[in-house]
Structures are given as structure tokens and as C-alpha cells.
Amino acid sequence: MTQENEIKRPIQDLEHEPIKPLDNSEKGSKVSQALETVTTTAEKVQRQPVIAHLIRATERFNDRLGNQFGAAITYFSFLSMIPILMVSFAAGGFVLASHPMLLQDIFDKILQNISDPTLAATLKNTINTAVQQRTTVGLVGLAVALYSGINWMGNLREAIRAQSRDVWERSPQDQEKFWVKYLRDFISLIGLLIALIVTLSITSVAGSAQQMIISALHLNSIEWLKPTWRLIGLAISIFANYLLFFWIFWRLPRHRPRKKALIRGTFLAAIGFEVIKIVMTYTLPSLMKSPSGAAFGSVLGLMAFFYFFARLTLFCAAWIATAEYKDDPRMPGKTQP
């Protein structure tokens, strides 16, 4: 080997330190420390009263089949719309029977706007049937509506009680006689209808009064007041929702909930219900623009409304039932008396 080809190795000290081999134990310790930090932070967050309460309510809602009960309530709610439509059909028949000129105007509009003679004749026959059989349809619709309404109320009551009682299984005290159960559900249905009428009346009267005040004081042209009026209308609607849910959570559970939990849970339900109404208000018009939406949009929208209403009601019932207080014997570290 010649001198030129001989490998020359450096004899001076290197200016940098050689790369050390990666220590797997050090890497594992860093990962474990990061995981421990994340776990500790998550535990601290879960120990916060609001988050802990939300977790308890969610666990109870899921463990006690909240989604399944919500789907069942949706089904019975949609099924109960059929007798209501029958009653509405009969009411329209009574109105048309007492106003022959209005009936003739409807026939004229049908002939003007529908070019197909067969379809026009079918619609005229349907309207004539509604007028002629209004009494029969109305009585049958009322009877079926009463029966389905009582059963709907019973299903809603059982679903809320499943979320409200301390244990999942029904106790012997929960068993009621057949006629007592139906009488109780009938009274509850009447109470719910009264509460619904009161809340709708409050919303309607408040909205009309607001419009009268705006028109009387000539406030329409003041732009900065428009958001204020919207907020006032929103507050009135939430208050009406609050009255409705307060009656539901106060009347339907077997045992009366604590006042603080009832007030807060009802407020949560009122806000959630208002959010559902706002979302449905903006979603349905866009859904109805498509051909399929025009055909099925109203049905799907109604089912979605019932489903979200049922889930919200049951979740807030679970939220009220899982509320803990310092003097509550169910809290950790305390024993039942």
C-alpha cells in the first residue's frame, strides 16, 4: 500500500462531541411523564363540580337507555299526530259546512290551479267527504286522540321516572292499578295541555304587545333597538319554555326533586329547547327546497323535533336526579341514615 493510499486518521481532538446512542429508558420516562400529566389534568377537570355533574348525568342517561326511550317517545309522538289530523280534518269540515261561500271559493281555486280533471275531482270529493262525515271523523279522532294521548303521557312518565329514581329496577311501590294509572295519566295529560296553552299564550301575547309598543312609539326606524327587541322576544320564549319544563319535571317523577336542582335543570332544558327551535327554524326551509325535501321534509323535521325534545327532556331529568349537595347522604364519604 502506497503512502498516498494510506488512510489518514485525525490526530487532533474533535471540535464536537460524538452523538450518543439513544437511551430508550429516558424516552419511555418522558412519555410516561407526559401521560401522567395528561391523566392528572383530566382528573382535575373531572373533579370540577359542573363537569362531574355532567359526567354523572351522561352516565345515567346512557345506562338507563335514554336514547332508546327517546326513540320510543318519538314513535308514539308521531303516531299521536294521526288522530290530531283527524280532528283538524273534522274541524275544517265544520267550518266549511257553516260557510258555503268559502267552500265554493275553494272549489273555484281548485279548478283554476289544477289542470288535471281527475285530480281536481279527487280533491273536491275529499273536501265533500270532510264536510259530510265531519261528525263521525271528529268523534273517532277525539276518542283515538284521547287514548293515544294518555298512552303517550304514560310512556313519557315511565321514561322520566326511569331516569329519576335512585335504582334502575322498579320498586313494588311503583306498581299501580290499571285504572289508577290511566286516571293519573289523564290528569297529567290535561295538565300538560293547560301548561302548553299557557306558555303559547304568554309567547303570543308578549309578541303582540311588543309589536304594539314598537308601532305606537314609532321605534321601527331605530336600528340599534332591533337586537334589543330580539333579545326580549328570546327571553320571553325561554320563560315560556321554562314554565312547560318546570311542570314536566315537577309533576311526572314519583318523588319531588330538590328545589335547587329542579330550578337549574329546568333552566337548562328551557335553553336547550329554544336552541332546538332556532335550529329547526333555519334548517327546515333549506330542507324544503329540494324535491325530496318537499315530499318528506315536513315528516322528517317533525320526527327530528320530537326526538331531540325527548332526548333533551330525559337528559335534563337525569341531570336533576344526579345533582349532589353537601347535606346529601348519597354524596361520596357519607352513608345512608
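Here the Cβ of each residue, glycine as well, is placed from N, Cα and C on the backbone.
Because the structure is a prediction, the values reported are computed rather than measured.
Residues or ranges marked as compositional bias 'Basic and acidic residues' by Swiss-Prot: 1-29.
Sequence annotations record features per position, and here Swiss-Prot assigns region 'Disordered' to 1-31.
The topological domain 'Cytoplasmic' annotation in Swiss-Prot covers 1-74 (among others) and rests on sequence analysis.
The annotation topological domain 'Periplasmic' is assigned in Swiss-Prot to 98-133 (among others). Summarised by DSSP class, the composition of the topological domain 'Periplasmic' (98-133) is 31 helix, 0 strand, 5 coil.
Taken from Swiss-Prot, the feature topological domain 'Cytoplasmic' applies to 157-185 (among others), supported by sequence analysis.
Residues 233 of the same chain, all 6+ positions outside the topological domain 'Periplasmic' (209-227), place their C-beta atoms under 8 angstroms from a C-beta of that stretch. Here Swiss-Prot flags 209-227 (among others) as topological domain 'Periplasmic'.
Summarising the annotation, Swiss-Prot assigns topological domain 'Cytoplasmic' to 251-261 (among others). Through the fold, the topological domain 'Cytoplasmic' (251-261) approaches residues 156-157, 160-161, 164-165, 173-174, 188, 191, 317, 319-321, 323, 325 of its own chain, all at least 6 residues removed from its boundaries and within a Cβ separation under 8 Å.
Residues annotated as topological domain 'Periplasmic' in Swiss-Prot: 285-298 (among others).
Under the heading topological domain 'Cytoplasmic', Swiss-Prot lists 322-337 (among others).
Same-chain neighbours of the transmembrane segment (75-97): 103, 106, 127, 130-135, 137-138, 140-145, 148-149, 151-152, 155, 302-303, 306, 310, counting only residues six or more beyond its ends whose CB sits under 8 Å from a CB of the stretch. According to Swiss-Prot, the transmembrane segment annotation covers 75-97 (among others), on the basis of sequence analysis.
Annotation comment: Swiss-Prot describes 134-156 (among others) as transmembrane segment.
Among residues of the same chain six or more beyond the transmembrane segment (186-208), those with a C-beta under 8 A of the stretch's C-beta atoms are 146, 149-150, 152-153, 157, 233, 236-237, 239-241, 243-244, 247-248, 251-252. Among the features that Swiss-Prot reports, transmembrane segment is placed at 186-208 (among others).
Summarising the annotation, Swiss-Prot assigns transmembrane segment to 228-250 (among others).
The transmembrane segment annotation in Swiss-Prot covers 262-284 (among others).
Remote same-chain partners of the transmembrane segment (299-321), defined as residues 6 or more beyond its termini with a Cβ less than 8 Å from a stretch Cβ, comprise 53-54, 57-58, 60-61, 64, 66-67, 69-71, 73-74, 77-78, 81, 156, 159-160, 163-166, 245, 248-249, 253, 257, 261-262, 264-266, 268-269, 272-273, 276, 280, 283-284, 287. For 299-321 (among others), the entry in Swiss-Prot reads transmembrane segment, with the evidence type sequence analysis.
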Quick test of the contact rule: Cβ under 8 Å, at least six residues beyond the ends. What residues does that give for the topological domain 'Periplasmic' (98-133)?
89-90, 92
